[in-house]
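Below: one structure, written as structure tokens.
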């Protein structure tokens, strides 16, 4: 629960206000010990750097007939490099060609990896950059290593998000008779409120989907920033007295509410392996159908008893509940974003810019 709140939008805001003094990560605590694989690789890189300098000096010495003092140092550095054993991450196994050795073989490998904690040695590129990875094969910072309950909770939040935005579209149909009477427009014109919402719902993913694949952005900022706008737009939709303004609000509500369909599947894929991903995906797709099916159930009674604005107020209420889950209880699931922030913390801890 602590890690979930720390990774949420509210948790990150608290960290920012406190200048990272509250809700600290392990790398920010005084008792944190750098994994030996990183210590060995950093020290080995320093030795290799010294060996390179010594070889340059050796070359000059050989030209002048001097002995080579760097041979032993270079040999030691090479031996140290050979001793570093690289482990494949769980993610590499999960994303591998799972039909190569039969359908169930990768699943058995994954379960074996999860029950046995093995250190993961980070990869060093040719230019000396050390790519920060998970510390072990069971690193709890890896979304695919989270508990079944936590991963199921992520699916629940994504499904609820998608359901809310679909409900917001369908309930408008029961407000149309009241809109025709209140604004004095035709039935066809009143239907524009739903049509523009659906149109914008198709355009939004083209804008909001790609940025979530950028490691420095991740999933959460796109989720909560767009939902806050969607939540804010739900208020004027229920109170506005201009038909043109109502149509504009509905269009932008559909645009900013489209993030659920844009990256919901990606968030589910972040926390499940290729084998188990269809289970989460199935629940997510079900939320598409549940929105238009369940929304009219309570919107119809509200419109008949309380007027055409009441279904739109119901959207405000369910958005308020969704905002609590999204802002305070939804962690980041993008592995590149999590590892990028870990690399920044390790650079600050070690003072080594190669990480």
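Cβ from N, Cα, C; glycine included.
The region 'Disordered' feature in TrEMBL is assigned to 45-105.
The feature compositional bias 'Basic and acidic residues' is assigned by TrEMBL to 46-57.
Under the heading compositional bias 'Polar residues', TrEMBL lists 58-76.
The transmembrane segment annotation in TrEMBL covers 153-174 (among others).
Mean predicted confidence for the domain 'Major facilitator superfamily (MFS) profile' (154-355): the pLDDT average there is 93. According to TrEMBL, the domain 'Major facilitator superfamily (MFS) profile' annotation covers 154-355.
If one looks beyond the transmembrane segment (194-210) by at least 6 residues along the same chain, the residues whose Cβ comes under 8 Å of a Cβ in the stretch are 165, 168-169, 172-173, 176, 222, 226, 247, 250-259, 261-263, 266. Residues annotated as transmembrane segment in TrEMBL: 194-210 (among others).
Look at TrEMBL and you will find 222-241 (among others) tagged as transmembrane segment.
According to TrEMBL, the transmembrane segment annotation covers 247-268 (among others). Remote same-chain residues near the transmembrane segment (247-268) are listed as 154-155, 158-159, 161-162, 164-165, 168-169, 172, 192-194, 196-205, 208-209, 212-213, 219, 222-223, 226-227, 229-230, 233-234, 236-237, 240, 277, 280-281, 284, 288, 333 (criterion: CB distance under 8 Å, separation of at least six residues from the stretch ends).
Taken from TrEMBL, the feature transmembrane segment covers 280-303 (among others).
The transmembrane segment annotation in TrEMBL covers 315-340 (among others).
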| field | Outside the transmembrane segment (153-174), six or more residues from its ends: residues with CB under 8 Å to it | value | 143, 146, 193-194, 197-198, 201, 223, 227, 230, 234, 250, 253-254, 257-261, 264, 267-268, 271, 280, 283-284, 286-288, 290-292, 294-296, 299-300, 302-303, 308, 311-312, 314-315, 318-319, 322, 325-326, 329-331, 333
